[in-house]
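Before any comments, here is the structure.
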Amino acid sequence: MSALNILHVDKTFGNTQVLKDISLAIESGEFLILVGPSGCGKSTLMNAIAGLEPVTSGDIQIGGEDVTWRTPAERDIAMVFQSYALYPSMNVRQNIAFGLEMRKMPKAQREEAVARVADLLQITPLLDRKPSQLSGGQRQRVAMGRALAREPQIYLFDEPLSNLDAKLRVEMRTEIKKLHQRLGTTIVYVTHDQIEAMTLADRIAVMRDGEILQLGTPDEVYNDPVDMFVAGFMGSPSMNFIPVTLVSRDDGYVLRVLDEQDPTGAPLELPWPPAREAQALHEWVGERLILGVRPEHFVEDETRMETSFDGTRLDVMATVVEPTGADILLQATLSGTEVTMRLGPKSQVAAGERVALRVDMSRAVLFETTNQRRVA
Amino acid sequence: MSQTDSPLPRSRAKAARHSLSGSLERMLPRLVIAPSLAVALFFVYGYMLWTFVLSLTDSGMLPQYDFIGFAQYARLFANERWNVAATNLVVFGGLFIILCLFLGLMLAILLDQRIRQEGALRTIYLYPMALSLIVTGVVWRWILNPGLGVESLVRSWGFEDFTFDWLVNPDMAIYALVMAAVWQASGFVMALFLAGLRSIDDNLFKAAALDGASLPKVYWRIVIPCLRPVVFSAVMILAHIAIKSFDLVMALTGGGPGYATDLPATFMYTYTFTRGEIGLGSASAIMMLCGVLAILVPYLYSELRGNKHG
Ligand SMILES: Nc1ncnc2c1ncn2[C@@H]1O[C@H](COP(=O)(O)OP(=O)(O)OP(=O)(O)O)[C@@H](O)[C@H]1O
Ligand SMILES: [Mg+2]
């Protein structure tokens, strides 16, 4: 039985439709992440689940019960806000206990619950402080403690880590992951952070303009995107999109990379792996398509001398080299298109040099140009 | 254009600094400020000092300088009318502050519910503050006048026994003052509270709703405690309005019936200017100054300390 079931939910503010026929089912104990560009309706969907905004149409079920018209208090949900929303006049202990008090839990039990979450989140020494006396990370912990104390059926996190600095964000991310694994809670989580989405989620829902474009495991969303938007949105640096024409040859399909600047030169041709000969591909022969290649699917060709390698050899001119520490991001022009490649940290490439690369075509994806849907 | 122009005057000013016009230029702000500063020092602090000096003298109709120590203060505290005025101030000030805070907060909370026509309502509530206290006093004097206002209206509807004579009843007249003053100031307090409410994170309401708190509980437990600084400033402002209340009393009751609604300000006026007791009047004025300072000094202290932190 699903913990949360959203059925055909629409939400309009005045004349603008912010949520369009959203349907989602979340299993108990699942960690679902909502991602999408700013203004696509993620917070609105969270508010609808929490009951803070009434939906225009559709149903919301929690634990099999229809809660569409119940108040937030009756839904057994806890939410962690980006701004933490701690009650400023109460100390940490009172903040955590407030929800329990409102639910008329006896004082002894309340104190027990506070002690339990304080221990879990290691905030016991902070219990008598006011929120204004806490650091960002500590406030974040208290906000989570307030949610955890009630032991609700579902937790909603709306960009909980975006106010923290990079290092703390990574720490808290790990902590949230540990908590989830330990407590087996059901979580819906909004984030802008690619890595947060990839590392935390059991499933990711990618939203745009009030619609869910793709719902799947992080691996599916990353490696098997349904369209160009999802492909470009997930991953950082984002996927390279290279305009190509599909050409059929005797020995299989070839992608001819178009070069607008230099139409007379010999075009670069990338063979499409025969193993991936999709049924649908033949109807696109001669058409313009978009080839999507992730930066890490380029590899520097150190094995130039060997005759066999699983990839297609390329020769490009490096324009910008950005070492990130863990690896090197290389900008290069590939037949008139700027592409970003992720090379190993040992790479000796310098800007202005020619580099020999291989591209792993077995992981590349193809999109059509009109609706930007996935072709293969 | 302006970017290339701007360095010019500055460098010119630099070059001119050594010349006569340059030093004039530097002195000019001080020269301009100086007269008004001198005038302010003289007329505010100078007269305060003079009042204090007078309060130590035996002055009657005209100032004179036979010093008699603090005898005027002793007379003041033995004066029945001063005691009435001081008691009135406590009653009037206390009720005025409490009612203004309560009404202002209620109005602000109601307006904060994102109702329609909020702008218009806000203006209506604030409007009394734009009136001078004299006008307020006159209007309320008509409204409360038994022969003209509410009492005669209700009687004309057939309720012959209805009495609403606060204005002429010595025990109730002070409450008539409170009513008029509250009517005037609560809109202003509402504006203060509304600004405070607007600065509260919306998510606090959401978090509290999820925690299961009802709206009154949300306000009582979470929002109102956040407004403590606003309450503090409002009390400061209202307290000093209360202490300085003069025009409202003059317009509404004239201190009457008898001297039932005298406040220290009207007491001071009466003794100093109409009864020829400048010494006693000055002593009462100094007592009022002490009252204002007792409120203002802690306020300024906390304000300045707050600024240092901020
Ligand atoms: N109360 C409201 N009235 C009218 N429009 C609203 C209201 N709340 C949100 N919207 C609109 O709904 C759309 C979605 O808003 P929402 O806050 O859900 O975006 P979001 O995906 O959470 O964005 P972000 O990532 O920036 O937080 C926006 O275009 C916004 O302007
Ligand atoms: Mg949002």
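Including glycine, each Cβ sits where the backbone N, Cα and C put it.
Predicted, not measured: the structure shown is a model, and the values here were computed from it.
The feature transmembrane segment is assigned by TrEMBL to B:31-53 (among others).
The domain 'ABC transmembrane type-1' feature in TrEMBL is assigned to B:86-301.
Proximity of distant same-chain residues to the transmembrane segment (B:89-111), defined by a Cβ-Cβ separation under 8 Å and at least 6 residues beyond the stretch ends, is recorded for 118, 121-122, 125, 174-175, 177-178, 181-182, 185-194, 196-197, 219, 224, 227, 231, 234-235, 238-239, 241-243, 245, 263-264, 291. Positions annotated as transmembrane segment by TrEMBL: B:89-111 (among others).
Summarising the annotation, TrEMBL assigns transmembrane segment to B:123-143 (among others).
Residues of the same chain lying 6 or more positions beyond the ends of the transmembrane segment (B:172-197) and with a Cβ under 8 Å from any Cβ of it are 88, 91-92, 95-96, 99-101, 103-105, 107-109, 111-112, 122, 125-129, 131, 133, 136-137, 140, 144, 165-166, 223, 226-227, 229-230, 233-234, 237-238, 241-242, 245, 248-249, 252-253, 256-257, 260-261. According to TrEMBL, the transmembrane segment annotation covers B:172-197 (among others).
Look at TrEMBL and you will find B:218-243 (among others) tagged as transmembrane segment. A Cβ distance under 8 Å defines the sequence-distant neighbours of the transmembrane segment (B:218-243), meaning residues of its chain 6+ beyond its ends; these are 89, 92-93, 96-97, 100-101, 104-105, 109, 181, 185, 188-189, 192-193, 195-197, 200, 204-205, 208-209, 264-265, 288, 291-292, 295-296, 299, 302.
Sequence annotations record features per position, and here TrEMBL assigns transmembrane segment to B:278-301 (among others).
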